[in-house]
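Engineer: This is the structure I have questions about; it appears just below.
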Amino acid sequence: MFHSRALLLSWLVGFTAAKDIHLDWNITWVWAAPDGFGRPMIGINNEWPCPIVNADLGDRLIVDVHNGLGNQSTGIHWHGFHQYMTGTMDGSNQVTQCALPPGSSMRYEFDVNQTGTYWYHSHEMGQYPDGLRGPFIVRDPSPPFAYDDEFTLTLTDHYHEQMSVLLQQYEADSVGAQAGVNEPLPAAALINEGFDTTTLRVEPNKTYLIHLVCVGNWPGHVIVFDDHEISVVEVDGTWVDAYPARDKKIRLATGQRMSILLKTKDNTDRNYAIWDSMDVNMMFFYQNRAIPEGFNPNTTAWLVYDEAKELPPAPDVHELDPNNDFVDDLVFVPASHEPLLEKVDRQIIFDTGVTQRDGRSVYTINGQTYVDPEEPTLYTALAASPENASNASLYGQVNPFVVQYGEVVEIIINNHHGNLHPWHMHGHQFQVLQRTIPEGGYFDGYFANISSTPVKRDTIMVQNHGHAVLRFRANNPGVWLIHCHIEWHVTKGLTGTLIEAPAQMHKISVPLDHQRICPSYGTPPGGTPSSPPHDAPRPDGASGSPQYPPKPWGEPDASAPEQDDSQPGGTPDSPEDFPQPWGEPEESPQEPPQPWSPSNNAQPPANTYAPEYPSGYVPVAPGPVIIDSELHYGGKSSHVECSGVNAGHTQDTTTGGDGCANAS
């Protein structure tokens, strides 16, 4: 376990034989205090933070998951992994699987066929901000850049109340609201799930690969490595030509990842701070919202050259200009130099905004808000004939968009809202052709400065009252979400669904253990969102559904795992009722005792941090915790051109004349 510490591993560069990585995970409630305030968190195997998953290209990942929460269903999404022809392993509840009920188990199994920086998290409402999240790093046997060692840093916003409470508050505030409501404020920013406790041990004249993973719920993060040269070399699993950041700062939206090369100094004269700040523009300025007295959006980590020397304060960073102070990810060039996808076959426009529906504020795509289907959308597609599966009306209120195999698809997202939205696509990376600055206006058919080799990623921040243009090739049959990655907005329907390559999708089969968890909800796999299962014609002409056992629906399955009825019926109320993951600190020169006690039993000081949070905030004592371990966080293991207005469109897929617009 790594309570808010950076952990560094060395790994031997060279050939590594492919292997099976078998993990047994029990999803449980754990009492933890990442910023000194004790609260229930969702952990794995009675520990929190959740473990990092390290793998090598070519491995096979096998994760057996048991839901030991007792009072919530769950599931695991592998964020950024395309799951080519293994769409049932995407882990999106009511999209590619039924939610995993308390006391039940299921397996995720897929080939590790992508390299780079990813993460895993629950796709059940509100669970990953409650702690069910962790990095997933896949090492490349032949990286395009040389480096000596590597670290992983996660960035997140943290809350003192559980999400179930905050979501109820957020929903209550939306009743009668005309233009959306203010999201609940976080209590702290965390680096590696700790507040002002993370240190990276470094040596002079070395180059380190640092994976940055924004696992947050709402605001983006800005990170600064004081007085060090850094170059961006990877975004969202794509190696890019090295891009020196120079005086620009790194900003990551929720769900985004980035890897940098950091060159260390040639001496050990001093240590250096790493400054991380939650995006105050998103939380306050774009919402015309006052900053509460005492609110602290920042946290600090350190590059430690000499443990005997002091840890300096964070660098003095004043106001940030969103138009000029950050590295623009559109300048990155994929190391593969993959060319711009041209001749667009299908253009999809998302006009996104907020409106009133049934007396409450909701988000919409083209006037429609996403509503969870009664059964997973993938199962609906698999149970239909290939012809019927192309009928968008089959899928209910999931904002479905059907695309056919091999099509070049262009998605235009017009953000009619006054704040930023990070959009994530499952099953793909997309090329980013264009993204405006804040208040940059909506897409009018014109492009400006389109790269001939656009950056590829799976999560993009779309600016307030602006737009973004994305392209991908539909070569991954399945059902894939495309959604805002702010959990508050997902609860209010800011989600779409891609029904991709319906004719080829029927080659996908649903594992038996995935089928067995559906009867727990009385949800048959197959049929339409509101009908019982039915036999559907298969491409080979055979009748019936080979994905599902040929027995009456609801009949007990003797091979199904027994339900565990001993689970608690709710979240424990005190630390004594939880598994205690911290224990006594081990005697080790590398791991001094924790500088704080994860408990709220002591009399807390007056809580002036934010009035809406309960009392019990225990200040964290200054000073880092440093640990070396074979577990968790660490382990080594452009040319821009204007392509013109059409930029690959056939004449009937876009409007406008000649020339380039000024959006950037």
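Placement of Cβ uses the backbone N, Cα and C atoms for every residue, glycine included.
From Swiss-Prot, here are the annotated features:
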type: BINDING; residues: H77, H424; note: Cu cation 1 binding site
type: BINDING; residues: H79, H121, H485; note: Cu cation 2 binding site
type: BINDING; residues: H123, H426, H483; note: Cu cation 3 binding site
type: BINDING; residues: H421, C484, H489; note: Cu cation 4 binding site
type: DOMAIN; residues: 19-155; note: domain 'Plastocyanin-like 1'
type: DOMAIN; residues: 340-521; note: domain 'Plastocyanin-like 3'
type: REGION; residues: 516-623; note: region 'Disordered'
type: REGION; residues: 635-664; note: region 'Disordered'
type: SIGNAL; residues: 1-18; note: signal peptide
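Help me see these features in their spatial surroundings.
Structural biologist: The Cβ of H77 (Cu cation 1 binding site) lies under 8 Å from the Cβ of D90, G91, S92, Y120, H121, S122, H123, H426, each of which sits 6+ residues away along the same chain.
Following the DSSP three-state reduction, the secondary structure of H79 (Cu cation 2 binding site) is strand. Residue environment of H79 (Cu cation 2 binding site) contains 28 other Cβ atoms, counted within 10 Å of its Cβ in all protein chains.
H123 (Cu cation 3 binding site) falls within neither a helix nor a strand when secondary structure is assigned with DSSP, and so counts as coil.
Long-range Cβ neighbours of C484 (Cu cation 4 binding site) (same chain, at least 6 residues apart, Cβ-Cβ under 8 Å): T352, Y363, H421, P422, W423, H424, V490, L494, T495.
Across all of the domain 'Plastocyanin-like 3' (340-521), the predicted model scores a mean pLDDT of 96.
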Engineer: Between the Cα atoms of H489 (Cu cation 4 binding site) and H483 (Cu cation 3 binding site), find the distance and write it as a whole number of Å.
Structural biologist: 9
Engineer: Quick check: in three-state DSSP terms, what is H489 (Cu cation 4 binding site)?
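Structural biologist: Going by the DSSP assignment, H489 (Cu cation 4 binding site) falls within a helical segment, counted as helix.
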Engineer: For the recorded Cu cation 2 site formed by H79, H121, H485, which further same-chain residues have Cβ atoms within 8 Å of the site's Cβ center?
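Structural biologist: Other same-chain residues near the Cu cation 2 site: H77, W119, H123, Y128, R133, V215, T254, G255, H424.
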Engineer: Go through H121, H426, H489, our binding-site residues, and report the one whose Cβ sees the most other Cβ atoms within 10 Å.
Structural biologist: H426
Engineer: In this structure, which of the binding-site residues H421, H424, H483 has the fewest other Cβ atoms within 10 Å of its Cβ?
Structural biologist: H424
Engineer: Sorted by position, what residues of the same chain at least six away from H485 (Cu cation 2 binding site) have a C-beta under 8 A from it?
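Structural biologist: A253, T254, G255, P422, W423, H424, T459 - these are the non-local Cβ neighbours of H485 (Cu cation 2 binding site), listed in sequence order.
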Engineer: According to DSSP, does H483 (Cu cation 3 binding site) fall in a helix, a strand, or coil?
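Structural biologist: Strand, per DSSP.
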Engineer: Would you list the other residues of this chain near Cu cation 4 - those whose C-beta lies within 8 angstroms of the C-beta centroid of H421, C484, H489 - in sequence order?
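Structural biologist: Neighbours found: T352, Y363, H417, P422, W423, H483, H485, I486, V490, L494.
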